């Protein structure tokens, strides 16, 4: 008994030492030459500090293992069985990342359709447009839930799949929220559309912030699946009864105001749960992140996204950002998506976060134009900067994906043949 107890203590001590080493702080090393560089000094400097991972980060990415705790009520009740049945119909040659991309495109299509009919989120779209949005969200949810199952089914699981999945989710977040705004006609509520998108992207970022601290993605009893089905139900009700149903008076308040209040309370409750995890469950030294850095620092990129857009929206003396609210929140969503993608990459590669990102030049240009009274047409500048931030997000995603594929010897949208061991 003494021997067994002693060995157990030694094993626990060894595991603790390995854990400390695994989650120790390692500052980012200098970048090495890469075939992703183009040969122009300015462009290469941008790519190195905005889009490329170091060799050490790629090596730690190899060691990453996906970890999640799912206690979602609907998942356990019926959805997991449904998804496990659906995945059996996928051909074996279909790459998991292709499923994820199709889901993103479906979401983008539905939001563009409703944006055409409801450019300020105050108009009424045809019933079929709301039906399309509900169906699109169901398709997106199904593809998003089965891409990982398809990866395990064909033996194609990789860190790239997790990154691609959550990266597309970060972009889709604002699309789904916009569809809710169209259904509820939140353009009639002061700051309603912007606040809804602000809550959505902040909560999504905070969920991955907690993952950066614990190394584990945790789902609550009421989480993504339940929220998506609530939105699907809302869109179907809007399709059948029209958006006017949400303006029915209940206890002296519009029904949509009560829904917004309920969402706000639920958001606060869930955010407090994430913050409790962040402050108490860090796996690094002294409760730090997986990279051995401060658990507080990830709030800085989030504030670098939120604060400028709040200032821009509140400072404008015109109605340009209400008239072009869709473009405004799409730009906001793109900047938030890139910040979230950086956080996901930092978690998977156990690397420190950087505060600066070149995508911030978009909101900075809008702020400078406002606060220094530069005579640049605001609607035109908003459209130009929106194009810029989406290009910045796209370039980042393309180069990160290419670098990981080259490092791991895999393809993003093609099933990589299994190597035979002879």
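Just so you know, the numbers here start at 1 and follow the chain as drawn.
Placement of Cβ uses the backbone N, Cα and C atoms for every residue, glycine included.
Residues or ranges marked as compositional bias 'Basic residues' by TrEMBL: 1-10.
Residues annotated as region 'Disordered' in TrEMBL: 1-20.
Listed by sequence, the residues of this chain that lie at least six past the ends of the transmembrane segment (87-115) yet keep a Cβ under 8 A from its Cβ atoms are 125, 129-130, 132-133, 136-137, 139-140, 142-144, 146-151, 153-154, 156, 160-161, 164-165, 168, 171-172, 175-176, 178-179, 182, 326, 411-415. Per TrEMBL, transmembrane segment is recorded for 87-115 (among others).
Residues or ranges marked as transmembrane segment by TrEMBL: 127-143 (among others). Within the chain, the transmembrane segment (127-143) has long-range Cβ neighbours (under 8 A, six or more residues past its boundaries) at 83, 86, 99-100, 102-104, 106-107, 109-111, 113-114, 117, 172, 176, 179, 182-183, 225, 228, 231-232, 235-236, 238-240, 242.
Within the same chain, residues 114-115, 117-118, 120-125, 130, 133, 169-170, 173-174, 176, 217, 234-235, 238, 243, 246-247, 256-257, 259-260, 263-264, 267, 270-271, 274-275, 302, 305-306, 309-310, 313, 321-322, 325, 328-329, 332-333, 336-337, 339-340, 343 sit at least 6 positions outside the transmembrane segment (182-207) and bring their C-beta atoms closer than 8 Å to a C-beta of that stretch. The transmembrane segment annotation in TrEMBL covers 182-207 (among others).
Beyond the ends of the transmembrane segment (227-251), by six or more residues, the same chain brings 74, 124, 127-128, 130-131, 133-134, 137-138, 141, 176, 179-180, 182-185, 258-259 to within a C-beta distance below 8 angstroms of the stretch. The transmembrane segment annotation in TrEMBL covers 227-251 (among others).
Taken from TrEMBL, the feature transmembrane segment covers 258-279 (among others).
If you look up TrEMBL, you'll see 291-312 (among others) marked as transmembrane segment. Under 8 Å from some Cβ of the transmembrane segment (291-312) lie the Cβ atoms of residues 23-26, 194, 198, 201-202, 205-206, 209, 212-213, 278-279, 282, 284-285, 321, 328, 332, 335-336, 339, 342-343, 346, 350-353, 355, 357, 360, 363-364, 366-367, 370, all in the same chain and six or more residues away from its ends.
TrEMBL lists 324-341 (among others) with the feature transmembrane segment.
Remote same-chain partners of the transmembrane segment (384-401), defined as residues 6 or more beyond its termini with a Cβ less than 8 Å from a stretch Cβ, comprise 36, 47, 50-53, 160, 163-164, 167, 171, 327, 330-331, 334-335, 337-338, 341, 345, 358-359, 361-363, 365-366, 412. Summarising the annotation, TrEMBL assigns transmembrane segment to 384-401 (among others).
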